[in-house]
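Residues annotated as repeat 'Kelch 1' in Swiss-Prot: 1-31. Residues or ranges marked as repeat 'Kelch 2' by Swiss-Prot: 32-79. Look at Swiss-Prot and you will find 81-127 tagged as repeat 'Kelch 3'. Annotation source Swiss-Prot lists repeat 'Kelch 4' at 128-175. Residues or ranges marked as repeat 'Kelch 5' in Swiss-Prot: 176-222. Annotation source Swiss-Prot lists repeat 'Kelch 6' at 224-281. Per Swiss-Prot, the feature repeat 'Kelch 7' maps to 282-329. The feature repeat 'Kelch 8' is assigned by Swiss-Prot to 331-354.
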C-alpha cells in the first residue's frame with residue numbers, strides 16, 4: 001500500500017459483545033467471529049459462547065461450552081472450531097477438548113489432551129492440529145508436543161520441545177513450526193526453536209538477546225520480531241525491578257541471527273501485554289500497559305519498507321490483555337481489560353479493507 005503511516009489504516013468499531021470478558025478464545029469461520037469462554041467480571045471462567053455475524057453486525061448466543069474455561073486455544077477445522085485446554089473455575093488446567101459444529105450449532109466432546117494444560121500453543125497444518133507445550137496442574141511447564149488426527153479422534157505424541165514452556169508464540173513458515181519465548185512459571189523464556197514437520201526433528205536457534213515478559217511477537221517477510229515487554233533484571237542485579245521497554249529485536253530466518261535494532265528504531269512507546277500483528281507490510285503494536293496508570297490507547301506501526309515507526313490512529317477503546325485475531329485485512333482486538341473486563345470489539349484495518 002502506497003499510503004504512509006496513519007493514512008493506510010483505520011479502525012472499524014463493531015457492536016460490543018453481549019458478555020464482557022478477558023482471556024477469551026477467538027476464532028473466525030466463514031464470516032463469523034466466535035468468542036468463547038474467558039473470564040467475566042467475577043473473575044471466574046465462563047461457558048458463554050457468542051458469535052458476531054460480520055455481514056449483519058449482529059451478535060448471536062451459541063450453545064454454552066460443555067467445559068467453562070479461560071485462556072484456551074482454538075483451531076478452525078473446516079466447519080468446526082476445536083477448543084483445546086485452558087483453565088477452569090478452580091484455576092486448574094484442563095485436558096478437555098471440544099468441537100463446535102457450525103452447521104449444527106452444537107458442541108461435541110473430543111479426545112482429551114494426554115495431559116491437562118493451559119497456555120497451549122496450537123497450529124493447524126493440512127487438517128492436523130499441533131499442540132505445543134503448556135502448563136500442567138503442578139504448575140510445571142510442559143515440553144510435550146501432540147498432534148490431533150480428526151478422522152481418528154486421537155492425539156499422538158511427537159518429539160518434545162527442547163525447552164518446556166507455556167504461552168509461547170508460534171508461527172508456521174514453510175514446513176516448520178517456530179516456537180518463540182513463553183514462560184516457565186513467572187520467568188520469561190528466551191528460547192527460539194523450530195520443529196520440522198517432515199523430518200519431525202527440532203532445531204535450536206539463537207535465543208532472544210534480552211529476557212522480557214509480556215512481549216509481542218510477529219512474523220513478516222522472512223523475519224520474526226519480538227517487541228517491548230517487561231525487561232527482567234539480570235541475575236546479579238538484585239535491586240532492579242522489571243520495567244517497561246520499547247525494545248525491538250528481529251530474527252532473519254535466512255541468515256539465522258538476531259539483530260537488536262538501535263535506539264532510533266525502537267517503538268515510540270514502552271509497552272507490554274499488547275496486541276501485535278502484521279498488516280500490509282507493517283508490524284503494528286496496539287494498546288497494552290506502560291508507565292501510565294491506565295491501559296494505553298496508542299497504536300504504532302513499523303514500516304518494513306521504510307524501516308521506521310509511525311503513529312497510527314489510537315484505539316477507540318484503550319485496553320490491555322486483549323484477545324486478537326487476524327482475518328484478511330483486519331486485525332481484531334477483542335475484550336481485554338479497560339476499567340475491568342471489556343465488551344469492546346474493534347479491528348485495525350487496511351483502508352482498502354474497511
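Just so you know, glycine gets a Cβ as well, placed from its N, Cα and C.
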Most Cβ pairs under 8 Å with the repeat 'Kelch 7' (282-329), selected from 1-31, 81-127, 128-175, 176-222: 1-31
Beyond the flanks of the repeat 'Kelch 8' (331-354) by 6 or more, those residues with Cβ under 8 Å of it: 1, 3, 7-22, 24, 26, 28, 33, 35, 38-41, 52, 275, 277, 279-280, 284, 286-287, 294-295, 299, 312, 315-325
Mean predicted confidence [pLDDT] for the repeat 'Kelch 1' (1-31): 86
DSSP helix/strand/coil residue counts for the repeat 'Kelch 6' (224-281): 3 helix, 23 strand, 32 coil
